[in-house]
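Copied over from TrEMBL:
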{"type": "COMPBIAS", "residues": "108-126", "note": "compositional bias 'Basic and acidic residues'"}
{"type": "DOMAIN", "residues": "14-94", "note": "domain 'tRNA-specific 2-thiouridylase MnmA-like C-terminal'"}
{"type": "REGION", "residues": "105-126", "note": "region 'Disordered'"}
(Lines of atoms letter the chains of each structure in order from A and count residues from 1; the text may use other names and numbers.)
(Lines give C-alpha, C1' and ligand atoms only; values in the text may rest on other atoms or scores of the structure.)
Protein backbone atom coordinates (compact mmCIF):
# COMPACT_ATOMS: atom_id res chain seq x y z
CA UNK A 1 0.00 0.00 0.00
CA UNK A 2 1.40 3.37 -0.98
CA UNK A 3 -0.22 6.23 0.88
CA UNK A 4 -1.37 9.15 -1.30
CA UNK A 5 0.26 11.72 1.01
CA UNK A 6 2.72 11.99 3.91
CA UNK A 7 -0.04 12.42 6.50
CA UNK A 8 -2.42 9.71 5.29
CA UNK A 9 -4.06 7.81 8.23
CA UNK A 10 -2.64 4.53 6.85
CA UNK A 11 0.82 5.69 8.01
CA UNK A 12 -0.23 6.16 11.66
CA UNK A 13 -0.40 3.50 14.36
CA UNK A 14 -0.83 3.54 18.13
CA UNK A 15 0.14 -0.03 19.04
CA UNK A 16 3.29 -2.08 18.59
CA UNK A 17 5.05 -5.06 20.12
CA UNK A 18 8.78 -5.32 20.68
CA UNK A 19 11.02 -8.31 21.10
CA UNK A 20 12.68 -8.86 24.48
CA UNK A 21 13.59 -5.44 25.87
CA UNK A 22 17.16 -4.67 26.90
CA UNK A 23 16.75 -2.68 30.13
CA UNK A 24 19.63 -0.46 31.28
CA UNK A 25 19.30 0.24 35.03
CA UNK A 26 16.64 -2.23 36.23
CA UNK A 27 15.80 -5.48 34.46
CA UNK A 28 12.84 -4.70 33.97
CA UNK A 29 11.86 -1.58 35.96
CA UNK A 30 10.24 -2.43 39.33
CA UNK A 31 7.09 -0.41 38.54
CA UNK A 32 6.56 -2.42 35.32
CA UNK A 33 7.02 -5.74 37.17
CA UNK A 34 4.73 -4.69 40.03
CA UNK A 35 1.93 -3.05 38.02
CA UNK A 36 2.38 -5.06 34.77
CA UNK A 37 2.12 -1.70 33.00
CA UNK A 38 3.98 1.60 33.16
CA UNK A 39 3.63 5.06 31.67
CA UNK A 40 6.75 6.43 29.99
CA UNK A 41 7.86 7.99 26.69
CA UNK A 42 9.23 6.41 23.57
CA UNK A 43 10.81 7.18 20.24
CA UNK A 44 11.82 5.01 17.30
CA UNK A 45 13.82 7.52 15.25
CA UNK A 46 16.82 9.54 16.40
CA UNK A 47 15.82 13.13 17.28
CA UNK A 48 12.07 12.53 16.93
CA UNK A 49 9.93 14.05 19.68
CA UNK A 50 9.23 11.73 22.60
CA UNK A 51 5.74 10.19 22.51
CA UNK A 52 3.85 9.37 25.74
CA UNK A 53 2.98 5.68 25.94
CA UNK A 54 1.97 2.83 28.22
CA UNK A 55 4.10 -0.33 28.30
CA UNK A 56 2.51 -3.69 29.09
CA UNK A 57 5.00 -6.39 30.07
CA UNK A 58 4.69 -9.84 28.48
CA UNK A 59 6.00 -13.00 30.15
CA UNK A 60 8.71 -13.43 27.49
CA UNK A 61 10.25 -10.02 28.30
CA UNK A 62 8.71 -8.29 25.28
CA UNK A 63 6.33 -5.34 25.71
CA UNK A 64 3.19 -4.04 24.07
CA UNK A 65 3.51 -0.29 23.56
CA UNK A 66 0.26 1.69 23.44
CA UNK A 67 0.81 5.28 22.30
CA UNK A 68 -1.24 8.15 23.69
CA UNK A 69 -1.55 9.45 20.11
CA UNK A 70 -0.72 7.61 16.89
CA UNK A 71 2.79 8.01 15.48
CA UNK A 72 3.76 8.08 11.80
CA UNK A 73 5.73 5.40 9.92
CA UNK A 74 6.48 2.91 12.70
CA UNK A 75 8.17 -0.04 10.99
CA UNK A 76 9.09 -3.55 12.17
CA UNK A 77 12.87 -3.81 12.49
CA UNK A 78 13.29 -0.34 13.99
CA UNK A 79 14.12 -0.02 17.69
CA UNK A 80 11.70 1.42 20.23
CA UNK A 81 13.64 3.33 22.90
CA UNK A 82 11.94 4.05 26.24
CA UNK A 83 12.48 7.03 28.55
CA UNK A 84 11.31 8.17 31.99
CA UNK A 85 12.12 11.87 32.26
CA UNK A 86 15.70 12.28 30.99
CA UNK A 87 16.64 8.67 31.78
CA UNK A 88 16.84 6.11 28.99
CA UNK A 89 15.22 2.94 30.37
CA UNK A 90 16.08 0.59 27.53
CA UNK A 91 15.09 -0.50 24.05
CA UNK A 92 13.56 -3.35 22.09
CA UNK A 93 13.29 -4.20 18.41
CA UNK A 94 9.83 -3.56 16.95
CA UNK A 95 8.46 -6.94 15.81
CA UNK A 96 4.78 -6.24 15.19
CA UNK A 97 2.63 -3.18 14.63
CA UNK A 98 -1.07 -2.79 15.27
CA UNK A 99 -3.66 -1.74 12.70
CA UNK A 100 -3.30 1.69 11.13
CA UNK A 101 -5.59 4.60 11.98
CA UNK A 102 -6.94 4.22 8.43
CA UNK A 103 -7.83 0.53 8.97
CA UNK A 104 -9.48 1.35 12.30
CA UNK A 105 -11.51 4.15 10.66
CA UNK A 106 -12.60 1.78 7.86
CA UNK A 107 -13.67 -0.78 10.48
CA UNK A 108 -15.74 1.84 12.33
CA UNK A 109 -17.41 2.88 9.07
CA UNK A 110 -18.25 -0.76 8.27
CA UNK A 111 -19.67 -1.32 11.75
CA UNK A 112 -21.90 1.77 11.54
CA UNK A 113 -23.41 0.93 8.12
CA UNK A 114 -25.19 -2.34 9.04
CA UNK A 115 -26.71 -0.73 12.13
CA UNK A 116 -28.44 1.87 9.95
CA UNK A 117 -29.69 -0.85 7.57
CA UNK A 118 -30.97 -2.91 10.50
CA UNK A 119 -32.83 0.11 11.85
CA UNK A 120 -34.39 0.68 8.39
CA UNK A 121 -35.62 -2.95 8.37
CA UNK A 122 -37.21 -2.58 11.81
CA UNK A 123 -38.74 0.84 11.16
CA UNK A 124 -39.50 1.26 7.44
CA UNK A 125 -39.28 4.87 6.30
CA UNK A 126 -42.75 6.40 5.79
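Yeah, the Cβs are placed from backbone N, Cα and C, and that goes for glycine too.
Predicted automatically and left uncurated, TrEMBL annotations should be read as such.
Computed from a predicted structure; not experimentally measured.
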When pLDDT is averaged across the domain 'tRNA-specific 2-thiouridylase MnmA-like C-terminal' (14-94), the result is 95
Per DSSP, what is the residue count of the domain 'tRNA-specific 2-thiouridylase MnmA-like C-terminal' (14-94) in each of helix, strand and coil?
6 helix, 47 strand, 28 coil
